[in-house]
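Down below is the structure, laid out as structure tokens.
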Amino acid sequence: MADTYVGSIDQGTTGTRFMVFDHSGQVVANAYEKHEQIYPNPGWVEHDPIEIWENTKEVVTRGLEEAGLDAEQLEALGVTNQRETTIVWDEASGKPVHNALVWQDRRTTDRVEEIQEAGKVEMIREKTGLECDAYFSATKTEWILDNAEPLKMQASRGGDVRDRAEDGELLMGTIDSWLIQNLTGNHITDVTNASRTMLYNIRELEWDDELLEEFRVPRSMVPEVRPSSDDEYYGHTDADGFLGAEIPVAGALGDQQAAMFGQTCFDEGDAKNTYGTGSFYLMNTGTDAVASDHGLLTTIGFQMSGEPVQYALEGSIFVTGAAIEFLEDVDLINNAAQTAELASSVDSTDGVYMVPAFTGLGAPHWDGRARGTLVGMTRGTEKEHIVRATLESIGYQTRDVAEAMEADSGIETTSLRVDGGAVKNNFLCQLQSDILQTDIVRPVVDETTALGSAYAAGLAVGYWDTVDELRDNWQVDREFESEMDSADANTMYDRWDDAVERSLDWAQEE
């Protein structure tokens, strides 16, 4: 009998990855495809949902072929995804009425300020655990319903989009819903993705009528909410479809919650930080939805079938890896790997600070009008100083969140599990440890986002029996301990606060 595995579709901000894992959590197949980033106006970011679905089929097919696997060898499929990114589509045709509005998109900032001025921020925070921000799906959905021109997509029927939504003809969802719909024909999301819409009550665990009314989103549009690991399955792939097999789709988590699951942060106080386009620091708070007084989000960490929801505190940092991409865009570096060499060639930034607020600042500042700032330059400043300042900004932003996390939870983080593409950079990991004054632990399998959704799906179908098996799979690649004097780290961090102040409230209303 052929060996069996679990597959994971990891749909991210810049591309789509398909990975297959064996029982020990090791990677046996891996394929990736980038998709286009669409910038119609300053501060606007879109993706083409059709391109994402086509790429998904491509990477799944190619990943299996290159590894010499048959689809029938997959016991389950899990899905993980860039969160908050929002799609509205025609239920009958399955075609989107507009491009997806990406989590980074800031076009609804004015609407958010309207809500803030109306004094509704506290109500939203109490129900959803979220700051009222353009980051989340609620204002994105509202914008699409008010502004989409579906005929431009050459894919969906014309007619007033809002009227059609009110008539029950349109569906909305985050990327997981879009993929699950295309994989199984069912309109489903999981609790972690629902918790990022700003429409879902994380304490009552249901779509909130008051919020649906506030953002004028008809209840008929929203997906059914299910556990992250669901032994009743979300559905099966079509035997006559692109895979040619009926495979249970049984696990889904937003990418950051999936990384937490893949890092086996199953216990209260466990924390991880994922370094991607942005950085996302999550701490498991158990069955208690801890309210934040320090600009963090209260969110759902995960839910297993038949078990209570596990909550988390989250610090969402909008720009970390994207700051490295910026250095490439302006030709300061040729590729990301070059950053360590350039940054380590100087002892310090020589007083230069980079605040990479290209799309505003997330936790704990929440300023949609903050903008990227480079301060402290002199005629002696060289590109090496700017590159180092950019890497240091990742550490400072992480410390902003770590200090807020400790204040809210009362738990001191002595060890932080890290993952994501950037953690392959030893210099960056050491820098993080120095600035945070905390041990940084890098696991052997660093694609923990894909691993987390595979674990969720595999648990649902019995491929793994307990989370203890998953804990046994987790292995340390390297641990980084601080080599910097704490007084020096604190002095540098205090100066970072000054730099952040200069970036705030910069963008003017149009």
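We number each residue from 1, going along the chain as drawn.
Note that Cβ sites are derived from N, Cα and C of the backbone, with glycine treated the same way.
Among the candidates Tyr39, Tyr135, Tyr233, the residue that Swiss-Prot names alongside Arg83, Glu84, Asp255, Gln256 for the glycerol site is Tyr135. What Swiss-Prot records for the ADP site is Thr13, Arg17, Gly321, Gly421, Asn425, and among Thr277, Thr378, Thr466 the residue it adds there is Thr277. Cβ proximity to the glycerol site centre (mean Cβ of Arg83, Glu84, Tyr135, Asp255, Gln256, cutoff 8 Å) flags the following additional same-chain residues: Gln82, Thr85, Trp103, Arg196, Gly254, Phe280, Ser316. Cβ atoms within 8 Å of the centroid of the Cβ atoms of Thr13, Arg83, Glu84, Tyr135, Asp255 (the sn-glycerol 3-phosphate site) belong to the same-chain residues Asn81, Gln82, Thr85, Val102, Trp103, Arg196, Gly254, Gln256, site residues excluded.
Put simply, Thr13 is the one of the binding-site residues Thr13, Thr14, Arg17, Gly321, Gly421 whose Cα lies nearest to the Cα of Tyr135 (sn-glycerol 3-phosphate binding site). Take the binding-site residues Gly321, Gly421: by the count of other Cβ atoms within 10 Å of each Cβ, the lowest one is Gly421.
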